Amino acid sequence: MLKKLGVFTMSAGLILGAGAGCVQSEAQQGDEKGKPDHAGPPQEKVENVIYMIPDGFNTDYATSYRWYKGEDAIWDKHLKGLHKTYSDDSRVTDSAAAGTAMATGVKTNNGTVGLDDEGNEVETILEASEDKGKSTGLVATSTITHATPAAFASHVESRDNQPEIARHMLDNDVDVMLGGGRDFFLPQSEGGEQQEENLLEQAEEAGYKDVETRDGLLEAGEIDVEEGEKLLGLFAVGPLNPEMERENTEQPSLSEMTEQAINVLDKDQDGFFLMVEGSQIDWAGHDNDPTWAFKDTEAFEKAVEQAIAFAEKDGNTLVVIAGDHETGGMTAGSNGEYDTKPELVKDVTATGAAMAEELNENRSNVKEVLESHTPFDLTEEDVEKIQESEEPKFAINQFVSDKALIGWTSTGHTGVDIPVYAYGPQSEAFSGIIDNTDLPKIMSKAMKINLENK
């Protein structure tokens, strides 16, 4: 594949992590026992990898979503094992450290992207795929510069430095980037976050076709990566809307972005690597919002259906599905009741945050707002709890969760192991309990590319 040299300067500073490595050394002994054979059957050829990350998703999400849907999800029959998620400096990871481990095979500190715990750059599986001549892509419903996609194509001390991440991503010459975050590519003089540079203009000079709408994306199928053409789709100034609020916008669905990314990348005769993130499952977990969680999981499943349909037809594509951590401590069942009813939130039409924004100043319209967006009746006690709460979105989400008998233990991440699903050649190599750092190592060996981080 024809590749152009990057035009941006990459830099990575040294980070100092007090106590760094203590968590890793504590658990490392157990990790070294029973390491799986990552090579897989040598006769199974893997030309393409589609790495799908439902951010914040674990077994309780999987169970609850199955009840919500009323049947098995597409990934259920492809379950292979579990992966451990701890970071280098904490037993509970953030998305930056988790993304770095899942992209590079190296543990790092929370908040750090693409660097090890001493501040050294570590090669990502996307970069190793490029070195092998493969096309590469990133798809997300967050800003494309958010922690998880950033971990595959940038190297920065802080995940919050999204303007720097944008420069790294373009310098990395990623062939397809689809998501939100247009402001991180524009100069401050145009309302953006870059000090002076207009990265969109520079991207066009480097061969990118820039699209801003769903229609523009769906009409972009003629891009030829073999000739150095690339696709940049930034469909919002910040993150995309939650999937349930995207209908009246010009933003594409995650499934549409995934399908178009595959269509473009598949033109490379040397194969491709594509990472797809269902970003907002995590954000729903932070808000303890079951409706948002399940509807974005549903959108993610449609994207997985696109990936597996392609892999079935192609025969040389490995699809791997693994969340980076769990968010919210969701439980299938709550309040001491021996039941769970996630399907009851199907008729909820707005996130808790969106409903909270509709409340008037004295919150006298709580009953009106919730009964217009949910199928549930409110008692006077329910209304009072929402009116008196410090953060009404959490009170609203608690009300909906109680109706569905879904529990929550946190508004942050938790440290549980995460299910790994895989379909295609060499998928059995993911069996058992592995570490998140094993995921890119297995993929790189399957593709016969060199990912030589220590």
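Here the Cβ of each residue, glycine as well, is placed from N, Cα and C on the backbone.
Cross-referencing E250, E256, E259, E277 with the Mg(2+) binding residues that TrEMBL gives (D55, H146, T148) picks out E277. Other than the site residues D55, D282, H286, D324, H325, H413, same-chain residues with C-beta atoms no more than 8 angstroms from the centre of those residues' C-beta atoms, the Zn(2+) site, are G56, D94, S95, A98, I281, G285, G323, E326, T327. Shown in sequence order, G56, V92, T93, D94, H325, E326, T327 are the residues of the chain, 6+ apart in sequence, with a C-beta less than 8 angstroms from the C-beta of H413 (Zn(2+) binding site).
Cβ environment of H146 (Mg(2+) binding site): S95, A140, R159, Q162, G179, G181, P239, S279 lie under 8 Å away, each six or more residues apart in the same chain. According to DSSP, S95 (active site, phosphoserine intermediate) is assigned to a helical segment. The Cα atom of T148 (Mg(2+) binding site) lies nearest to that of D324, taking the binding-site residues D282, H286, D324 as the candidates.
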